[in-house]
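What TrEMBL records for this protein:
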type	residues	note
ACT_SITE	ASP138	active site, charge relay system
ACT_SITE	HIS213	active site, charge relay system
ACT_SITE	SER541	active site, charge relay system
DOMAIN	28-104	domain 'Inhibitor I9'
DOMAIN	384-455	domain 'PA'
DOMAIN	657-753	domain 'Subtilisin-like protease fibronectin type-III'
SIGNAL	1-25	signal peptide
Amino acid sequence: MALKATFLFCTVALLLIQSGHLAMAKKTYIVHMKNPEKPLAYPTRQEWYSASLSSLSSDTDSLLYSYTNAYPGFAASLDPEQAESLRQSDDVLGVYEDTVYTLHTTRTPEFLGLEVDGGLSTQDINQASHDVIVGVLDTGVWPESKSFDDTGMPEIPSRWRGECETGPDFSSSLCNKKLIGARSFAKGFQMASGGSFVKQGKEIVSPRDRDGHGTHTASTAAGAHVVNASLLGYASGTARGMATHARVAAYKVCWSSGCFGSDILAGMDRAIADGVDVLSMSLGGGSAPYYRDTIAIGAFAAMEKGIFVSCSAGNSGPSKASLANVAPWIMTVGAGTLDRDFPAFALLGNKKRFGGVSLYSGSGMGNKPVAIVYNKGSNSSGNLCLPGSLEPALVRGKVVLCDRGVNARVEKGAVVRDAGGIGMILANTAASGEELVADSHLLPAVAVGRKSGDLIREYVKSVPNPTAVLSFGGTVLNVRPSPVVAAFSSRGPNLVTPQILKPDVIGPGVNILAAWSEAIGPTGLEKDARKTKFNIMSGTSMSCPHISGLAALLKAAHPDWSPSAIKSALMTTAYVIDNTKSPIRDAEGGAASNPWAHGAGHVDPQKAISPGLVYDISTQQYIQFLCSLDYTLDHVQSIAKHRNVTCSKKWSDPGALNYPSFSVIFGNKRVVRYTRQLTNVGAAGSVYSLTVDAPPMVNVSVKPTKLVFKTVGQKLRYTVTFVAARGAASSGRSAFGSIMWSNAEHQVRSPVAFAWTQL
């Protein structure tokens with residue numbers, strides 16, 4: 001802590017020296033108002049917020065954003081003294097410095113069953129999805145991509161209130177009946193850039209995507225069919241989004257230095273007002289109480305208006321408790337692999353051949369063995385191939401073995417190439433296990449798992465003249481086992497509310513082909529001059545828009561369903577058995593995965609369209625959940641934005657929320673009891689019987705054991721009692737099981753996580 005404090009002090013001191021005086025630098029602050037309702041004395045919220053600021057500063061431009069829908073408050077440019085003065089106001093709940101969030105960076109339709117006979121792509125649902133609008137908050141959009149072609153699309157829904165913004169490099173005429181809106185929000189980014197002593201490169205403020213990430217996620221969610229799509233020959237075929245007939249609205253909230261909370265809130269605020277049905281956000285930060293989490297507060301407002309919010313879980317796996325976006329009204333999405341791979345091989349001088357992956361598309365390095373080097377030279381970071389760590393005299397004309405970690409995988413290849421190396425083997429360490437992520441490297445390169453990496457390291461160290469030949473195998477389908485949970489996918493347990501199991505589901509997030517910005521090469525490196533209309537990327541950023549698009553299809557099929565009903569359908573129909581009929585594995589170590597990694601399982605849209613039963617949750621129930629968290633009434637009101645919230649009725653345990661999964665924390669208790677309510681969305685007269693899977697140290701009893709639904713829409717309750725065996729707490733800290741209601745047509749499955757201590 002002392003080291004951190006010293007660092008902060010030095011940074012502040014440097015800022016003051018750079019500015020040449022001791023004046024307080026202004027920063028962006030988000031101001032959280034206590035009263036969500038505007039006083040009658042002010043005609044608009046903007047005038048109310050301006051009045052709140054006028055006593056502090058004569059600067060009329062200090063108000064950056066006035067939030068109307070997503071958040072009770074505003075963003076302003078303030079110095080620390082002004083921020084402190086606002087904190088003392090009776091009208092203000094909190095004043096928070098702007099937070100920087102990070103991006104969680106054409107096989108999937110078949111893999112998810114969308115292209116098979118009887119799949120979701122029926123004429124009725126396609127027709128209905130014309131009315132569904134998916135809002136994507138990201139790095140903008142490349143509107144010229146064929147994924148946003150509007151051929152055959154009917155007129156834009158009359159309820160749409162959005163617009164297409166004009167900028168120096170973006171004309172409003174670039175929007176169409178497919179890409180119906182494009183906006184940008186940069187005031188938080190500009191404030192941070194202007195206030196920083198580090199010179200920022202100038203960026204054009206417009207919705208145009210110069211990063212690629214936003215185009216990739218938007219086209220994954222709702223891109224049109226594009227034939228002959230590929231990344232430089234890899235993954236060739238027809239690319240398409242999940243909801244090919246849905247509309248897309250792009251909100252650019254992410255810039256070169258990240259995604260600022262003030263800009264994200266402005267994008268959410270606008271998207272809610274514009275009339276989107278689904279919000280897709282492949283970005284996030286760390287965990288925080290919900291009243292401090294701007295995304296969670298904005299998502300609550302969206303949920304209240306019937307908008308489904310899908311967010312990525314984060315790429316901080318395989319560490320436990322590494323999740324972002326854990327609010328129960330958000331769909332938190334982890335990442336799994338597809339059954340498609342891009343094999344590549346390293347043949348060593350000892351005749352041993354190791355398999356890996358690569359998206360290298362150049363001429364290769366021929367069949368002649370080449371010397372291989374590892375961790376040579378005086379620089380201690382040479383094994384990681386960090387910039388400046390390789391000595392050209394030692395690597396020129398050779399293959400370099402690099403350890404994965406610290407810097408970007410594609411950057412390692414560029415470092416090797418710049419030092420004169422002609423090839424790279426990128427070897428995993430224990431942190432990434434056997435997970436393989438393919439990259440479009442600038443030189444011949446093969447990524448291998450940890451076990452292979454250890455054997456190659458041993459070979460290079462023990463042989464006087466080690467050699468290697470690298471070769472590339474193109475695209476291979478029907479890979480087994482799949483899906484596998486990606487090692488990078490963030491894991492539970494949920495640190496904010498351990499009684500809510502997160503992530504919710506996993507979806508395809510490894511080596512995903514989707515549309516790309518032509519302003520940047522496929523690696524994203526400045527020195528990559530290649531241009532491609534499609535790119536292959538990995539991350540929970542890629543799995544999130546898959547679920548956003550599937551939610552759009554479910555919204556089209558069931559327009560009267562609430563966001564929580566859609567979420568329940570996707571969760572309770574998810575599967576936990578892979579294509580080898582074994583439990584889904586975890587890329588970290590290769591053992592069976594568990595619900596802290598995969599949530600309810602891998603989404604199955606075929607089954608989600610007709611789940612039989614759903615766990616629905618009303619706004620009032622979410623408020624009761626908030627009341628059970630021991631927040632102050634002001635904090636609850638600030639999230640729910642309702643003045644009449646009293647918390648007179650509240651649960652003793654937040655796990656009482658009618659959630660489609662269970663997270664049981666015994667703590668110092670041996671008995672935990674929850675009641676859940678199921679709504680029949682299947683046929684009248686449906687009867688469901690019970691199956692319980694429980695670990696030996698927990699007894700699970702459910703009453704009743706049979707549910708008989710006489711009518712469609714009928715709601716029935718059941719109570720489940722979890723009893724821990726004596727001494728179970730000392731035998732282990734976690735265990736897993738499931739509760740399933742089923743009949744001949746449907747299986748409604750809820751995962752259960754058990755813990756004896758809270759992290």
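Each Cβ is built from the backbone N, Cα and C atoms, and glycine gets one as well.
Where the annotation comes from TrEMBL, it is an automatic prediction and has not been curated.
Within the set of active-site residues (ASP138, HIS213, SER541), the lowest number of other Cβ atoms found within 10 Å of a Cβ is recorded at HIS213. The two recorded residues, ASP138 (active site, charge relay system) and SER541 (active site, charge relay system), have Cα atoms 10 Å apart. Rounded to a whole number, the distance between the Cα atoms of HIS213 (active site, charge relay system) and SER541 (active site, charge relay system) is 8 Å. For the domain 'PA' (384-455), the model gives a mean pLDDT of 93. Counted with DSSP, the domain 'PA' (384-455) comes out as 21 helix, 16 strand, 35 coil.
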